[in-house]
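Structure record follows, encoded as structure tokens.
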Amino acid sequence: MGLSEDLHARARTLMQTLESALNTPGSRGIGTANPTIYDTAWVAMVSREIDGKQVFVFPETFTYIYEHQEADGSWSGDGSLIDSIVNTLACLLALKMHESNASKPDIPARARAAQHYLNDALQRWDIMETERVAYEMIVPCLLKQLDTFGVSFTFPHRDLLYNMYAGKLAKLNWEAIYAKNSSLLHCMEAFVGVCDFDRMPHLLRDGNFMATPSTTAAYLMKATKWDDRAENYLRHVIEVYAPHGRDVVPNLWPMTFFEIVWSLSSLYDNNLDFAQMDPECLDRIALKLREFLVAGKGVLGFVPGTTHDADMSSKTLMLLQVLNHPYSHDEFVTEFEAPTYFRCYSFERNASVTVNSNCLMSLLHAPDVNKYESQIVKIATYVADVWWTSAGVVKDKWNVSEWYSSMLSSQALVRLLFEHGKGNLKSISEELLSKVSIACFTMISRILQSQKPDGSWGCAEETSYALITLANVASLPTCDLIRDHLNQVIESAKAFLTSIFYARPAAKPEDRVWIDKVTYSVESFRDAYLVSALNVPIPRFDPASITTLPPISQTLPKELAKFFGRLDMFKPAPDWRKLTWGIEATLMGPELNRVPSLTFEKVEKGANGKWFEFLPYMTIAPSGLQGTPISSQGMLDVLVLIRALYNTDDYLDMTLIKATNKDLNDLKKKIRDLFANPTSFSTLNEVPDDRMPTHIEVIERFAHSLLNYPRIQLASDNDKNLLRSEIEHYFLAGIAQCEENILLRERGLDKERVGTSHYRWTHVIGADNVAGTIALVFAFCLLGHQINEERGSRDLVDVFPTPVLKYLFNDCVMHFGAFSRLANDLHSISRDFNEVNLNSIMFSEFTGPKSGTDTEKAREAALLELVKYERKETDDAFEYLVQQLTPHVGAKRARDYINIIRVTYLHTALYDDLGRLTRADISNANREVSKGANGVKKTNGLTTNGTKATANGSNGIHH
């Protein structure tokens, strides 16, 4: 047989196996998840009184965990720190309960080894990075129980963890929990000592709580009346898992419906031919699914009779539609629709992009998609916004793989575009279509940059997710420009997966990509996604059917890649990456045009010119080059600021060129008065249409717009005041620069400059006169807003929480400004002499008779040395700041700070590169002109390709 026949045969066998467990009389179901140490430890702690003695009911499970402790004292699970901590806490508790076991005299020593491991591991645990089900309840519960044995731990996030625990407990309605099934039944072991398990027997289903061995074990431990149903359930699960290794249990059993629905929906989504997959078997599955959906009145949970959830319900409804047993989505919509997205179930901590992607996919398969148009647009907006506001890849709370969210989002969003291309869903706005397009291309860009040399993206299941994503996003016409490279990547991935398909290796810890209390893998899912990835047509849809996206230039991405590819920093990057950044930048252009300017319309000029078409590339490419992606929203925020800075600065340069010293002194006073008034910038002052705005009005409009920017309003007053101060000093420094230029013109360039030393001018006026410092402070205001938004408190915290950190950051800003000023001067020497703008090499330190720099080349070499020095000082200052930050904000948040610094720094490095390139272009052009050739024409600071020849010399606007 060929690969296609083999794929369908594997899919057919999988469905027949799952269907047999579903419909065979007497079957209690099926589950192919790996066994877990955590759940096995809970079962090992179950005891009951027999003949007046307390006896452990499942001693064989304790033997298993006893024999599988690792050399460092831990039980590692998938190898992640959090799983090792949770597993080891549960096993340590089991060891303490079994200490009297005479047949295992080394239990105390083993317990000490576990304690030693936990003492170290808990110090390294950043709970803000953790995504596990109910960890904020489970870990405190285990710690409290260990306290009763005299075992306690102190670690940095202990207080925060217990505050989260107390906050969650305070919100619980125990009477409601005791009354009926809820999602909390899945983790009731976290409430030992709080919950009254005697009030819960009526919630058992087939002897278990939500198919969860750990909760069922906790119930047997704490209920005063023994329940044979629960004991029989646990014994049965141990028997089922005997082939996996003696006397263990998984985190979930049975998973019959979960495995059927997830596996079959994946096979359908990726174009498996159901006619080759035993249609009668599929029909029996559909009838059973419909039976339980009817019983649940249009919704159901992952096990019949358990809490309804949107994930299972949405996928089941979609399957019934394609299997010709349709059921209305009405009850589903009523149950799960929220104001801005669809919820998975009550009590969830946060919304899920994968759940909403599944809901969107399901509604797009409804017989009449337009009936649910408002819900479809709502979910699509939510999913697109998640991608729009996320830096890097989007991770989800149900799967550790960064590609799982990409797969489900791409399937739903591309299907949305396909339906819209058919003439449906007419209320979708052009803005939403644009964001969907950007989201999809963001996925493909990040996947292409992450493929490993063997063609994979990690384990086989993760690689399947990535390949399915590529298949869907390859349907976009924007991918035509990189189609050849895309095909190479896909062939490499298929070769990797084909070898796995035929070899069928045993599951490894790295295959545990699904998130529960600990991570786990599911054999049927691995098979289904593997078959799906190898079968999916690429592209999934004909690009010609995706016709309703806003059109973009087919030539601009190539222009961008070609031009910026000449820069030293981009030369090592392969052509396809440079072209990918060009496509992303081209997609971002319309979004920038959609945002109102922060300046007056009369001041705004050239916003649609080549310079502004090039701007997005100059932010996207440096961040992509160094693997420090920023969100599309963050990208747009930066671009809006750069555009406003450019236009404001350019307007002031043009209109102040003939200003007198008196004019400049008057303007300085107005600036100081404006910024000294605490009520300034609280309201927006308009300018009559019949006149141009004055200089102070332009400055006031810029400052007002920036300080009232919507996405910094939750930044603290201290953070916004720092931004206010940077804006004031920037404009005052610009005036000081103008005053220096007047002196130069009056005195002449051949006269030695006297007054402020070059060092002091560089670190005060020069550093203040760099717009990059405003961009850096503004970026941290954006982060401060995000931090406070996530905290959800009216008590706004500073982005740098201590006096030391504030001082260090301001020191970084000063060094960064000095470096940028010197670098700008280095690349503007010729122009500054031509235009009579003050440049570093005009200071007496460079021009004096004893300076040792009596030639232009020597002066330039000296300035280059200073640039290198200030760059090192800036590097060292930022590095020290980051070192001091981590203990205060945690490793995860510290990475956000680092990314801001890196992206700002790389953006400056790009202008450094651009300056060198432009100097070479101008030099070559002059040589060609002297020979009578055309060369590269320079007009108004533009090369013939339309980009700025250098950064703005007089005010350093783009540093």
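Any Cβ shown, glycine's included, is placed from N, Cα and C.
What Swiss-Prot records for 1-542 is region 'Class II diterpene cyclase', and it gives similarity to another entry as the kind of evidence.
Across the motif 'DXDD motif' (309-312), DSSP assigns 3 helix, 0 strand, 1 coil. Annotation comment: Swiss-Prot describes 309-312 as motif 'DXDD motif', evidence class similarity to another entry.
Per Swiss-Prot, the feature region 'Class I diterpene synthase' maps to 543-959; the stated evidence is similarity to another entry. Residues belonging to the region 'Class I diterpene synthase' (543-959) score a mean pLDDT of 82 in the model.
Annotated motif 'DDXXD motif' per Swiss-Prot: 649-653, in sequence order, evidence recorded as similarity to another entry.
A 10 Å cutoff on Cβ-Cβ distances gives Asn824 (Mg(2+) 3 binding site) a total of 31 other Cβ atoms nearby, all chains included. Annotated Mg(2+) 3 binding site per Swiss-Prot: Asn824, in sequence order, evidence recorded as similarity to another entry.
The region 'Disordered' annotation in Swiss-Prot covers 931-959.
Proximity of distant same-chain residues to the motif 'DXDD motif' (309-312), defined by a Cβ-Cβ separation under 8 Å and at least 6 residues beyond the stretch ends, is recorded for 183, 257-258, 261, 300-302, 332, 335-336, 342-345, 354-355, 358-359, 398. In the motif 'DDXXD motif' (649-653), the DSSP tally of helix, strand and coil residues is 5 helix, 0 strand, 0 coil.
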